[in-house]
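Pulled the feature table from TrEMBL, pasting it below:
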type	residues	note
DOMAIN	1-62	domain 'SEA'
DOMAIN	78-199	domain 'SEA'
DOMAIN	215-333	domain 'SEA'
DOMAIN	338-455	domain 'SEA'
DOMAIN	465-585	domain 'SEA'
TRANSMEM	600-628	transmembrane segment
Amino acid sequence: RPLRQGDHTGVDAVCTYRTQPSAPPLDRVGLYHEVSNKTSGITRLGPYSLDKDTLYTNGGHYFLVFPIFFLSAALPAGTGNFTVNFTVTNLQYSSSLRNPSSAEFSAAARALTALLDQLFKKTSIHPVYRGCKMMAFRPAQKDEGTRVDAVCTYERDSAASQFDRITLYHEMSNKTNSITSLGVYSLDQESLYINGYNKPLERPAPGIATTPRPASRNFTLNFTLTNLPYSADLETPSSRRFISTMKVINHYIDPLFKSSNISSAYTGCKVIRFRSVSNTGNTGVDAVCSYKNNIRFDREKVYHELSIMTKGITKLGHYSLEKNSLYINDITRKPVLTEAPAKLGYRLTFRIVNENLTNPDSQSPEYKAAVEHISNKMNQLYHQSNLRDQFLNCSITRLRAGSIVVDCNCFFQPDPSINRAVVETAFQDGTSNATGLWLGSSYRLKELSVDTIEAVTYKTPLKSGKENFRLSFRISNLPYSPELQDSSSQMYQVNKEKIEKELDVFQRSSLRDYFAGCTVESFGPVHGKTYINVVSTCKFTLDPSQTLQKQEVYEELTRLTHGFTKLGPSYELEEQSLVAEGYFPLKVDEQESKRPELQYWAILLICVFTLLGFILLLLLCFLIIFCLRRKSHLYQVQQGMYGVYFPHLNTR
């Protein structure tokens, strides 16, 4: 099988040995160390080179391979492991269950792990039980069921942690109705093994018929409740809150499926566990539902029906749902390859008159930095325009030397209201001010022209395999040096390795199951600054049924770096400098910065006119006061019956 993107080859082999009653059981740990010693520390096998972390051993004829590091010295101090193997008869095996990264494997593993956790917490090892991990699913030998191989961990540093596989076998047998059912799953009675121990079954007496179990199948159901705060008592299946919440949710779920296309075969759902949804405090619900195996189960159709019946995945009874949280068998939506309508493209050409491009080589750091900066400004402009709802993206196709001539292609969703004149008007509205055309606060423009690009049909890609996301950001405490552009220099290698290691912060995120690693591609100068710009590519491995949006990558990295201010203990980041595949959210201060700054002479004129206005106001006030004072000295002449007289004169 291919490993590590197809560069290495994994080898799976099954070996057989003869068991005898007098012979001791197979010592897996001892066998592991013997193989390790004879392969030079798991590095050489004849002419072949080995990956020392990949040696697996077999636990016996009935066991599938599982990683030996669960049993070796690599275990945490004071812990031990035991294997659990059984066959689920109503979980039909498929090739996708062979792949640990598949959606089907993840869904089945999550459901069975939760059921085993509940079971072992009710046994004698519950004080020291740590958890179980599904190692593999494989086809059952007798029917279409699925063989389950798991490794469970327990603490063994206390007197209460003595592991007795026979006792645990009987306890598990009792709690699974004599090895017949585990939650909604039906078990093969002969299939249970605890660390290799299996008790021979007592066969029914001849003539006593056993009632066959009806054939049934299961599927997983997952969603998140946004108005149910998660609390610790939801972890315990025996708690009153767990039981009451489970009953309410089952009460809401049953009518949905009884109104769906599987209503005739639907037999019920059971909530397996509640979980805390990271960073939100909301409660995730994991359930397993069953149906009779007499219909064709179309999970895409069931998903669509449930989406409609929950009002677009927003309401479940009195509960509010997180819109993108519904999963049916770990599938959210079916990725379909569709041909989209022709998108509208326009070529914008303009000259930047206040900047010069000295190196027209498209691979030069100066050229790349200019392309990225201008492209960001163009995308920001149309994202803020009245065409933002139809706008797709802008990309720089060419820069010409001298005062920079820019060729840029911008694309829009088809809309009758969009044409060349509308695109040009939106550009001019976003760049015009009293002093001319300005792109952002950095670039003064002239000679704008807009041409129509022939409509291009495109296909919405099927999301599968690896997703590469190009990240660009600035480190404010790493000064730029020409050595950082020399891939052979020590400074380049040290910083490249360190930044790639810090970008592994994704391994602590909600995307950790898909994250494959980041690679720094280049360092470049930042225009007008003394520090550097970093361009890297981060890879995520996705199932064909999954999609990952650039907004999710942006928001997750921003959260993990404290608002994109600090990358690890060493690097200070320029806030809001992160761009993920051309995406960055628009901030209020960015909108303000889009308005060009006033030139110094304009500020001077404003100050002069303000001063003149103030002086004129003072003069006007002085004239008014002067006139009033002069009038106060005039005599007031009044006409009386005896003629004219002056009332201010004293006649005494």
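Numbering starts at 1 and runs along the chain as it is shown here.
Using the three backbone atoms N, Cα and C, a Cβ is placed for every residue, glycine included.
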Under 8 Å, at least 3 Cβ pairs, sequence separation 6 or more: does that hold for the domain 'SEA' (78-199) versus the domain 'SEA' (465-585)?
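Counting Cβ pairs under 8 Å, at least 3, so yes.
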Per DSSP, how many helix, strand and coil residues does the domain 'SEA' (465-585) have?
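DSSP classes over the domain 'SEA' (465-585) add up to 34 helix, 46 strand, 41 coil.
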DSSP helix, strand and coil counts for the domain 'SEA' (215-333)?
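Residue counts for the domain 'SEA' (215-333) by secondary structure: 34 helix, 39 strand, 46 coil.
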